[in-house]
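Notes follow once the structure below has been shown.
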Amino acid sequence: MRVYVITLLLAGFFALVAQNNKIRLLNRECSSNSLFKFHFFVILTAIVLIFVAGFRYRVGADYMNYALGYEQVKSTFWNSLKTLDEPGYKLLTIIGSWFYDDYASMFFILALFTIGKNIKTMSKYSDDFFWAIITYIFIGAWHGSFGAMRQYAASAILFAGHHYIYEKKFWHFLLTVMLAFFFHRTAIVFVVVYFIATDKISVKSIFWMVIIAVVAALSLDKVFEVMSYFKGTDQTEFVYMTADVNPFRVMMAFLPLLLIFLVPKRDRKNPELAFYYNLLIINALFMLVTSSSTYLARIGIYTDIYATIAFPKLKRYMSENNKKAFLFLMIILYGFFWIHEIQARDTLQNFQWIFYR
């Protein structure tokens, strides 16, 4: 746990300094110097998080599966390009091998790509870079990338291009989805988000989203049947397919929805705020729908990252007293959730460095 705490403190410190310089920039205090310092400390924040993620050893649920498949991944790139079998991930692996032909380079370059892209997006779109980084760590999006690396890489691409949804540029967004598809096929499901996220917050819209979520949850058996048909084996025989998601994780997905009540009613109709709040709703409903399957619940990888932008935007519209309630929620509840997530997983508890393998 020591490595994670030190990482949190270092990344948090650099992010705080970056945010302070962004505030000076917005207030037009030493603009050129503040702009340089902002970008400099954003890069330092990224270096800390990428270094720990990129040089880990046997940390993450799928670590050894990726390590053992390293040679095969390199040799099957051209074939995967023809069949569209996630060639993006394989291309990054090959690029990493040019510098150091070892599976260690694969883990580093994927961490560089995923975390680097996420932090760049947060620094560009979040109102408060410090709280974006704290949220990124606390919700598990950072350490989660230690496991499902291809899916998190796809998520980073979608995250970087999410502004096309808000700007209603469908074809630009579709191209973004296709790029993410080259890293993980499940990224294609994110297309549906385009048609939901831009709706205004209303009881009616939330009601219909809940109805659709309940129907989808009741239809999971049909999903397993389809998967079994295409894969040729009964998918329900695998424990991870039918194992329930930790109820605590599902609860934490719904908890952010309460934050809207800390925002004055007059500000809840702000289009940008409504957009990111809708993404929080979609994330919560995805978790509800897939709560009976830890495998399908990975779909939340594509949506939980938006809390890094949504939380600071919600906080911006809160009164000073409500901001204190927000800080309590973040530090106590999400901090506990983060610690619980790490300590509950054997693949994360014993952190080791690749240098000592």
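Placement of Cβ uses the backbone N, Cα and C atoms for every residue, glycine included.
Unlike curated records, TrEMBL annotations are generated automatically.
Lifted from TrEMBL, the feature list:
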TRANSMEM  36-55  transmembrane segment
TRANSMEM  98-117  transmembrane segment
TRANSMEM  129-149  transmembrane segment
TRANSMEM  170-194  transmembrane segment
TRANSMEM  206-224  transmembrane segment
TRANSMEM  245-263  transmembrane segment
TRANSMEM  275-297  transmembrane segment
TRANSMEM  325-343  transmembrane segment
Contact set, same chain, for the transmembrane segment (129-149): CB under 8 Å, 6 or more residues outside the stretch: 4, 7-8, 11-12, 15-16, 18-19, 22, 42, 45, 49, 53, 56, 59-63, 66, 89, 107, 110-111, 114-115, 118-119, 122-123, 252, 298, 301, 304-305, 307-309, 311-312, 315, 330, 334-335, 337-338, 341-342, 347-348
Beyond the flanks of the transmembrane segment (245-263) by 6 or more, those residues with Cβ under 8 Å of it: 139, 201, 273, 277, 280-281, 283-284, 286-288, 290-294, 297, 300, 304, 307, 310-311, 314, 317-319, 322, 325-326, 329, 333-334, 337, 340-341, 344
